[in-house]
Amino acid sequence: MTTKPERIIIFDTTLRDGEQCPGATLNIDEKLAIAKQLARLGVDIIEAGFAFASPGDFEAVHKIAQTVGTENGPVICSLARARHDDIKAAAEAIKPAAKGRIHTFIATSDIHLQYKLKKTRPEVIAIAEEMVAYAKSFTDDVEFSPEDAGRSDPEFLYQVLERAIAAGATTINIPDTVGYTTPSEFGAIIKGIKENVPNIDQAIISVHGHNDLGLAVANFLEAVKNGARQLECTINGIGERAGNAALEELVMAMHVRRQYFNPFLGRHPDSEEPLTNIDTKQIYKTSRLVSNLTGMLVQPNKAIVGANAFAHESGIHQDGVLKNKLTYEIMDAQLIGLTDNQIVLGKHSGRNAFRTRLKELGFELSETELNKAFVKFKEVADKKKEISDWDLEAIVNDEIQQAPDLFRVELVQVSCGSNARPTATVTLRTPDGEELTDAAIGTGPVDAVYKAINRVVNVPNQLIEFSVQSVTAGIDAIGEVTIRLRYESRVFSGHAANTDIIVASAQAYVNALNRLYASLQTQDKQTEVTA
């Protein structure tokens, strides 16, 4: 990737920067599931993690490199600070990939130099040069980021970039680390780099931005107009603080407004060639997968993938859409993988019909996963007259993409009413196989269930978020529950779906506790090793 592409390179950092969002902790299997889906989506580069950060991160990057980093698959990248041990760990982690990249960085803004690094400008230039060259000794594909470039002195930034490229960097990434710039300012930064870094034609200009002022996507589109050819983004825009630039918004903005962006890439305005390598029909499925596994709900009015993105309440709008969708919709929902073809299954539907419909919806399940999902399908079909595609999606996500199965819900029973004190009895199977039962009184049925579960699990935690969403309409709709709980300074999420919202609430809570419990077990093992 040392030559200027005629299209935009999509660099997905959902598994690295996106996972830094509080509560979005993922285990290795979940990261692998997302990485596989990102490959189907068609991203060019997957930043699989920060290999040096922890043994778990290293293993995740290594496993993704082994499994997803095929010859025809995406480039697998690991982040590394501008330090020898970081870069060495990154190189080792990405080694199994057919195409690997090391992404190293050091801050260049005066505030970071003074307070964080406590280094002078010449020292930072020397470190950048040395560490890029060191990374280059492991792989030809090296990306360099001057952290907080948006607040860096332009002249100093040009010097650092020139030396990094001379040392072997093939991609120069310009991060707006704190989401501080406006579109015109960010565009000017990219333009300045194009005009003032003598060897810039030897590298691809990339951009990375946060959404603190809600301007990340707008900044990136302005950067494209000024010469940026790689965009670093996340699914659903998840990430630290207010999040990152959203992949789905960037891709669809350039797809819908292709005639506007074509000339900036040297194309004829009417060219129909896609500006990215993304299979847009995989966008919605990828969004749902990331939302379910991270526990980060997508707001209903979120552009492109929100529940209301293609909904119309106004009578005038509804009338126009019925006559011609283009009156009030600038894109077809089918472009992102939504479909009006809602084939309905029921309790008499067989395993073959179930398998066939899941394949049509894009789910690729192993035989074991299919069996688990089919058992759940039959349970739901006994309670629900018709099972829609939305229900199938919820069933698969709930059964297949779950937390470690340490504690298991065996029984949930509640008693409540207008003049009764809400009481819950729960039975959990422990990691040792023992069944424990306890009961509790709460302010409501869910509170009572959670108190009873806590009495069994006995791990202190604080529930900080509880939300319920209906998958479909109707009194027999499946309800999806997402919860987040805090243990010390860490946040863990849980997700579950069921036609009984109390059962879904119990399962979601246990899923979050299982993530917490697994994390504590990992900590204990690491403590034993270092002791």
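Glycine is no exception: its Cβ is also placed from the backbone N, Cα and C atoms.
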Please pick, from Asp17, Asp432, Asp438, the residue that Swiss-Prot records in the Mn(2+) site together with His208, His210, Asn244.
Asp17
Cβ atoms near His208 (Mn(2+) binding site) (within 10 Å, other residues, all chains):
26
Could you tell me the mean pLDDT the prediction assigns to the domain 'Pyruvate carboxyltransferase' (8-284)?
96
Counts by DSSP class (helix H/G/I, strand E/B, coil) across the region 'Regulatory domain' (408-531):
43 helix, 54 strand, 27 coil
Where Asp17 (Mn(2+) binding site) sits in the secondary structure, as DSSP reduces it to three classes:
coil
By a simple count, how many Cβ atoms lie within 10 Å of the Cβ of Asn244 (Mn(2+) binding site), its own Cβ left out?
28
Over all shown protein chains, what is the count of other CB atoms within 10 A of the CB belonging to His210 (Mn(2+) binding site)?
24
